[in-house]
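Peer 1: My questions all concern the structure below.
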Amino acid sequence: MGEDRVRHAGMRRRICSAEDAAGHIQHGMTLATGGFTPSGTPKAVPRALVRRVEEARQGGMPFAVRLFTGASTSPELDGGLARAHGVSFRIPYNGDPDMRGRINAGETAYVDTHLSRLAPWVRAGFFGRIDVAVVEAAAIREDGAIVPTLSIGNNKTWLDMADKVIIEVNEWHNPAIEGLHDIWAGDTLPADRRELPLRRPEDRIGETVLHVDPAKVAAIVLTNEPDLNASFREADGAARAISGHLMEFFRHEVSRGRLPASLPPIQSGVGNVANAVMAGLAEGPFDDLVAYTEVIQDGMLAMLHSGKMRAASGAAFSVSAGASALLNREMAAFRKKIVLRQQEVSNNPEIVRRLGCIAMNTMIEADIYGNVNSTRVMGSRVQNGIGGSGDFARSAHVSIFMAPSTAKGGSISAIVPMMAHVDHVNQDVQVLVTEQGLADLRGLSARERARLIIDRCAHPEYRPMLKDYLDRAERGVFGGETPHLLRESLSWHQRFIETGSMRA
């Protein structure tokens, strides 16, 4: 199975079972894997590793690794290792509920950081050595070059820095995938760093393949299976309303001459709200769209297929099973419109600023002054992580954050007096959107922002409470440019923790 995909004679001799490959990974090691969403996540070796961890623990022996990835991975990797208590340290992002539980329980140490930063930090030696890297490939060429699959993530750095390398060669992927990728080699340390010569999302500045020293390749495992594809709910009324507010905003900005008719390059997060926004763009008056983003999802793929979108650049796909099958079947055509890059390029703030991207990301909550929390529920429990939202928000031409105005059946307000955790300060937040409306915060003072956010974005049930808080804060003894009542500012979160609702 799949041996013809390993065309390098020396590496072909390293073909082995997933169990034998996983034997190279030992307790206490730093393990770096491919994967940015389930796309491109290794499959067979993580399953075999989970079995090794379970067997060790059943025998009374400790077995846990330090896990480095591109971003989120799959239930087989993050979920399987979490359920087996097999991860002592996790970086830079997690989307798996079982791993989230281990992190919030304090069992797994977690570093939640900007996705563009990890590879340079690893090369600089901030985290010590990488013992083993496990990456997925569609093929290994005669010259030893590795053809990636549906994500690149940090794989170039993992291959360069790891002591040992394990490659899963997955023949499920259409051979036409070769040429989809653009891998930049200018990853120097700061003293020697030069600009990234990228002027358009479709520009190519590197190679189509990855390279590794063949002497480091300890094992090659053959597989034939698709990624565990994303599952998105149908857009609900709130998601469609958010999309509608954004489409109206874009039309207004174009009519005022502040945005071009085809819009600047788009960056969009992942999820049902993001897909609803993509559906709005697909039906809207904007043509010849381009995307410079980290994750290419169903809505973007549909616009590329229809011709509504001309080109897209990203680090990975996060698509449904149907979209994945379409992508694989028509890879030769999509390859002409899509470029996959390593995440330190796809998320690079230098390029985001140069291209003038529109950054659209979801949030957990915002306060009345426009600060945004993307990661911590009630300020304490991590949900996923900051991901790439910070990479894009600060450097974007227009930075947008969006969410339904309430959660948990209305017991949580997404607009609060003050947040217990801040990921994006108000200086990096230009537009807030809920199903209630859109607040354009550009050029407004703190008090002006507060009035607008309450009027446009807060749910009607919570609006009077927010107005009352702001009125009393403005009249307070301390007053100030950004009025707060410090005895009350976090009381909404405390009330939810104690009673299950933010309602007074």
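A Cβ is built for glycine as well, from the same backbone N, Cα and C atoms used for every other residue.
According to TrEMBL, the feature active site, 5-glutamyl coenzyme A thioester intermediate maps to GLU294. Per TrEMBL, CoA binding site is recorded for GLY269, VAL270, GLY271, ASN272, VAL273, ILE364, ASN384, GLY388, LYS408. According to TrEMBL, the domain 'Acetyl-CoA hydrolase/transferase N-terminal' annotation covers 12-179. Residues or ranges marked as domain 'Acetyl-CoA hydrolase/transferase C-terminal' by TrEMBL: 334-469.
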Peer 1: In sequence order, what residues of the same chain, 6+ apart, have a Cβ less than 8 Å from the Cβ of GLU294 (active site, 5-glutamyl coenzyme A thioester intermediate)?
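Peer 2: Non-local contacts for GLU294 (active site, 5-glutamyl coenzyme A thioester intermediate): PHE36, ALA71, LEU115, GLN267, GLY314, ALA315, ALA316, GLN343, SER346, ASN347, GLY387, GLY388, ASP391, PHE392.
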Peer 1: On a simple 10 Å Cβ count over all chains shown, which one of the binding-site residues GLY269, GLY271, VAL273, ASN384, LYS408 is most densely packed?
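Peer 2: Top count of Cβ atoms within 10 Å goes to VAL273.
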Peer 1: Rounded to whole angstrom, what's the largest C-alpha distance between any two of GLY269, VAL270, GLY271, ASN272, VAL273, ILE364, ASN384, GLY388, LYS408, listed as binding CoA?
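Peer 2: If we measure all Cα pairs in GLY269, VAL270, GLY271, ASN272, VAL273, ILE364, ASN384, GLY388, LYS408, the largest is 26 Å.
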Peer 1: For VAL273 (CoA binding site), what is the secondary structure state per DSSP, taken as helix, strand or coil?
Peer 2: helix
Peer 1: Please compute the mean pLDDT of the model over the domain 'Acetyl-CoA hydrolase/transferase C-terminal' (334-469).
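Peer 2: Here the predicted model's pLDDT, averaged over the domain 'Acetyl-CoA hydrolase/transferase C-terminal' (334-469), is 98.
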